[in-house]
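Visitor: Mind looking over this structure? Questions follow.
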Amino acid sequence: MSIPETQKGVIFYENGGELQYKDIPVPKPKANELLINVKYSGVCHTDLHAWKGDWPLPTKLPLVGGHEGAGVVVAMGENVKGWNIGDFAGIKWLNGSCMSCEYCELSNESNCPDADLSGYTHDGSFQQYATADAVQAARIPKGTDLAEVAPILCAGVTVYKALKSADLKAGDWVAISGACGGLGSLAIQYAKAMGYRVLGIDTGAEKAKLFKELGGEYFVDYAVSKDLIKEIVDATNGGAHGVINVSVSEFAIEQSTNYVRSNGTVVLVGLPRDAKCKSDVFTQVVKSVSIVGSYVGNRADTREALDFFARGLVHAPIKIVGLSELADVYDKMVKGEIVGRYVVDTSK
């Protein structure tokens, strides 16, 4: 298979600097890496943070962002086993880890102190060819729609892991704060497929419509509700058993600690800048409420999340645009205009 020396990609040289769509070199895979011809990549809010550089973890510079890349294996390093040229493969947020620390040994590779992150510390999927550690790369079944599966590689895995972290059982109520964005729209579907009753919190008629189309049961418009906490407690007959916070609102996180029911779990996923999780200690203790953080999933979570997709139980409401339009997608993110998930086609 002929691999070019150069490719199209979007790169920036300083945080917040110009997003340049240009010719850049095709990377060479290391001994443990795959070279993947990326066909499509989802666009995540994390990509926006990587570009802005507003998280306490520094990015590499210059940087090619992106960590939801779906494509085809075109080359591999000499130490790679279990992969073949032509296999479908996915680039995830966790590009690689040491595999020898206590976290990796317990399958918590994302907590590895030496974790290598796609589109953050490792050039990511906003290019036509990208490298990924062969151990961490996602195995995508042949015949899969690569545009549709791209958001599952981060957004899908992330919310699936968060739902598992809530420790719910079939028939329980789960409230999803930020229900109709890229993460929330998938969380609704995973929750339904896992047997939960779904309450969504977001705003606007378009998002309310999407929520119902995806199988949600009760929608709360936070901009309209006169008493959001009471409305949720009443709708769920005592409060949600679990709350998945994918919104990036500190106030929304604080509210969630008040509408979760006794013995329930509040799961933190979204990462508002400089935010604190505020909870009344007396209430939290008396209600025996758990507040947990949920980061990206491990390899087993990825396999399971992809299986839900392969069986047709979840799909990403996507809008496909060219990679050259990435700056416009970021602008929509900043303005809060994203419904569902944007996916970039690297050929355009």
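Every residue, even glycine, has its Cβ placed from backbone N, Cα and C.
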Visitor: The NAD(+) site in Swiss-Prot lists G178, A179, C180, G181, G182, L183, G184, D202, K207, V269, G270, L271. Which one of R311, R341 belongs there according to the record?
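Guide: Answer, per Swiss-Prot (NAD(+) site with G178, A179, C180, G181, G182, L183, G184, D202, K207, V269, G270, L271), from R311, R341: R341.
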Visitor: If you measure from the Cα of C98 (Zn(2+) 2 binding site), which of the binding-site residues G178, G184, K207, G270, R341 is the nearest?
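Guide: That would be G270, the closest of G178, G184, K207, G270, R341 to C98 (Zn(2+) 2 binding site).
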Visitor: Taking every protein chain in this structure into account, which of the binding-site residues C98, C101, C104, C112, C154 has the most other Cβ atoms within 10 Å of its Cβ?
Guide: C154
Visitor: Roughly how many Å lie between the Cα atoms of C180 (NAD(+) binding site) and C104 (Zn(2+) 2 binding site), rounded to a whole value?
Guide: 33
Visitor: Relative to the Cα of H67 (Zn(2+) 1 binding site), which of the binding-site residues G178, G184, K207, R341 has the closest Cα?
Guide: R341
